[in-house]
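Student: Before I ask anything, here is the structure I am working with.
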């Protein structure tokens, strides 16, 4: 019996380690989508916001989940909408705001959005309305997901090149200075996508991630780049401020929060709530097929809602089953 327990513990530890690494990398990538441009100086705090939210989601899942493999984390659909909010803010109301004012608003907006998403999920679950979202036509869902995907692609290219990707500027991305910046990331992303299609192993993504990091440093070493030069050229995160990744406490920013500016984005946030609810139900439906077990979807919506409210109070980003 002891050997059986030991043999099951090792894969669990490996799986937990892999999930932890993936969540950390995802938090860094998702934060970079929002905290760009005038907000780039606050990227370390943005990463901290995502990491704190990920920790709360993980702990909440561990204590409330009825199935051991369920893990919630910040998701890309809410982040895409929040990134669009930041971009719109920088181009309009916040055009003359300082970086600190922009960060203060976005920190509060992220937390506030998580609370609203949590309340919406809980209401759906409490009144057993979860299945209603399945009546939304597929073309509507698909169209919005396609738009969200485009936003993620657009912000990813902007993050890698520090240039805004538009139809007018698309051709300039094939000039050598910009091409060198985005092509490796593009190849890495396509390679990860193809590997996931043809191989199925719990160490796959960890191996790809570590392999990508090793290859990057080997190539840069032979090209003569030092660590500091890579940092100065924008290939690495940092240098981090003395305060580290800590975003601080959310309530400090409450008194200066521009509620009227936030309310102007409610239509996009409401759409994101509905799409997030659909994603939650789709993810649980897929999990039901995988484990061959039925879940109480209304209960899961309530639990997911409570976790988002808790994460929002801490200033974290909306999330759900990953």
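Please read every residue number as a count from 1 along the shown chain.
Any Cβ shown, glycine's included, is placed from N, Cα and C.
Keep in mind that TrEMBL annotations are predicted by a computer and have not been checked by a curator.
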Student: According to TrEMBL, which listed range is transmembrane segment: 202-223, 224-245?
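Tutor: It is 202-223 that TrEMBL annotates as transmembrane segment.
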Student: Between the stretches 47-65, 103-123, 262-284, which one has more Cβ pairs under 8 Å with the transmembrane segment (135-153) than any other?
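Tutor: Selected stretch: 262-284, with the most Cβ pairs under 8 Å.
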Student: Let me spell it out: take the transmembrane segment (103-123), skip the flanking residues so only those 6+ beyond its ends count, and list any with a Cβ under 8 Å from a Cβ in it.
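Tutor: Counting only partners 6 or more residues beyond its ends, the transmembrane segment (103-123) has Cβ contacts under 8 Å with 34-35, 39, 42, 45, 49, 53, 78, 81-82, 85-86, 89, 94, 97, 129, 247-248, 250, 253-254, 256-258, 261-262, 265, 269, 272-273, 276-277, 280, 301-302, 304-320.
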Student: Per the definition of 3+ C-beta pairs under 8 A with sequence separation of 6 or more, do the transmembrane segment (202-223) and the transmembrane segment (47-65) touch?
Tutor: no
Student: Please compute the mean pLDDT of the model over the domain 'SLC26A/SulP transporter' (12-320).
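Tutor: Mean pLDDT for the domain 'SLC26A/SulP transporter' (12-320): 85.
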Student: Sequence-remote contacts (6 or more beyond its ends) of the transmembrane segment (12-35), Cβ cut-off under 8 Å?
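Tutor: Cβ under 8 Å, 6 or more out: 42-43, 45-47, 49-51, 54, 58, 71, 73-74, 76, 79-80, 82-83, 86, 103, 106, 110, 152, 155-156, 159, 202-203, 205-206, 209, 237, 317.
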